[in-house]
Amino acid sequence: MTDLTFAILKYGFLLGLWFFVWLTVRALNRDVTSLAPRRSQQRAARERDRERASATAASAALSAEPQRVAVGAQGPVIVPSTSPHTPEDFTQPAQVQPAQHANHRSPAMLTIMDGPLSGTTMPLSQGTITLGRAANNTLVLDDEFVSSHHARVFLDDASGQWAVEDLHSTNGTKVADQPIHAVCLLSPGVPVRIGATTFELR
């Protein structure tokens with residue numbers, strides 16, 4: 001056997017071996033692909049319907065009418081809402097009218113009791129007071145735990161009382177050491193905490 005013949009046989013054998021390996025890998029890949037579970041069109045349609053229903057439910061929850069919470073001596077009390085507020089209401093202080101026929105002492109000042117601005121007072125006669133880190137707030141709170149537009153204090157038209165509302169802040173607002181999740185009516189002397197700042201109406 002000549003060297004040329006031996007070389008041809010050797011390379012032919014190697015080529016055949018690689019071809020056999022390629023066929024084996026291809027067959028295995030085809031088997032794995034055919035056995036892998038495929039999501040049927042019916043199942044995909046069901047999942048799309050489920051996602052659409054979830055999105056609709058979430059949208060309905062966001063658009064639901066807010067409730068008001070009255071804080072009294074016996075804790076928060078839910079009060080039906082008659083005038084829902086939208087995010088556009090928070091951009092500028094609202095012009096409000098004094099409550100009429102009120103049988104309670106109406107507060108006149110917002111007083112900061114604790115925090116960096118302790119001792120600061122602000123008359124409620126100017127209308128809605130917004131609190132947060134942003135410069136366009138009525139009270140600017142330089143506190144990393146306070147959101148840009150954290151909360152607002154305003155005169156509630158339905159009840160004729162001053163109220164506080166958390167504006168979807170990150171760390172929330174507490175009234176009488178209780179987190180609020182709706183508009184909360186305020187009585188004089190009830191502490192409201194935002195970050196490191198505590199204030200009350202007087």
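Our numbering is plain: 1 for the first residue shown, then up by one each step along the chain.
Note: Cβ is positioned from N, Cα and C throughout, glycine not excepted.
Given the ranges 36-65, 66-95, the record in TrEMBL names 36-65 as region 'Disordered'. As a whole-number mean, the pLDDT of the domain 'FHA' (129-180) in this prediction is 94. When DSSP labels each residue, the domain 'FHA' (129-180) comes out as 0 helix, 20 strand, 32 coil, counted as helix, strand and coil in that order.
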